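*Asks:* According to Swiss-Prot, the record shows the following:
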DOMAIN    74-180  domain 'Thioredoxin'
MOD_RES   Ser188  phosphoserine
MOD_RES   Ser221  phosphoserine
MOD_RES   Ser223  phosphoserine
Amino acid sequence: MEADASVDMFSKVLEHQLLQTTKLVEEHLDSEIQKLDQMDEDELERLKEKRLQALRKAQQQKQEWLSKGHGEYREIPSERDFFQEVKESENVVCHFYRDSTFRCKILDRHLAILSKKHLETKFLKLNVEKAPFLCERLHIKVIPTLALLKDGKTQDYVVGFTDLGNTDDFTTETLEWRLGSSDILNYSGNLMEPPFQNQKKFGTNFTKLEKKTIRGKKYDSDSDDD
């Protein structure tokens, strides 16, 4: 009986909250409609023109990004190409990979998805064997590593899968949240609420730039099978 009463009470509380939310949405819509009704023709025309300008600007920005190679996950052939790619785009994610490292292939799949969703960010990959100078300069020692660059400068790193839950089964949303935490893409969710089911399991300690040290030219693998 007590359990049934608790469920009934919870249902009533939930119903009340839904009604309150619906009421607030309706009030907001009514307010917006009232504002439109009170506008004269000139004001409506200015509002229409303002929105058209915003749409044109957004379309121009999209075309500019696409012309610079955004919207797809691309491999660059050498470290020389890296500098030009980074120079022309505000936000860049570069995956430093190695063919023999299994976890790099896992990242490839998620990055390909995000590249199409986030046109504001350029997504690249570079084989570490073809970029020894760059890897030393950026302190790339663990494979895979994502270098996150803003305005041509390295802002953060995602080293291995530590920040992604130390599991091969992390979701694309988890990687998206991690990149959003570094302001390298436009994240629409709440950064204070990571898409983890178990926060204690996954943790929240990110790999910071200042912790990187050069220990030689051998690359460590984050994959168990490598």
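Just so it is clear, glycine is given a Cβ too, placed from its N, Cα and C backbone atoms.
The structure displayed is predicted, hence computed values, not measured ones.
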*Asks:* Under the DSSP assignment, what numbers of helix, strand and coil residues are found in the domain 'Thioredoxin' (74-180)?
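*Replies:* Secondary-structure composition of the domain 'Thioredoxin' (74-180): 46 helix, 30 strand, 31 coil.
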*Asks:* Three states by DSSP: which one describes Ser188 (phosphoserine)?
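*Replies:* Ser188 (phosphoserine) sits in coil per DSSP, no helix or strand.
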*Asks:* Over the domain 'Thioredoxin' (74-180), work out the mean pLDDT and round it to an integer.
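*Replies:* That region's mean pLDDT is 96.
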*Asks:* Report, as a single number, how many Cβ atoms besides its own are within 10 Å of the Cβ of Ser188 (phosphoserine).
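*Replies:* The Cβ of Ser188 (phosphoserine) has 7 Cβ neighbours within 10 Å.
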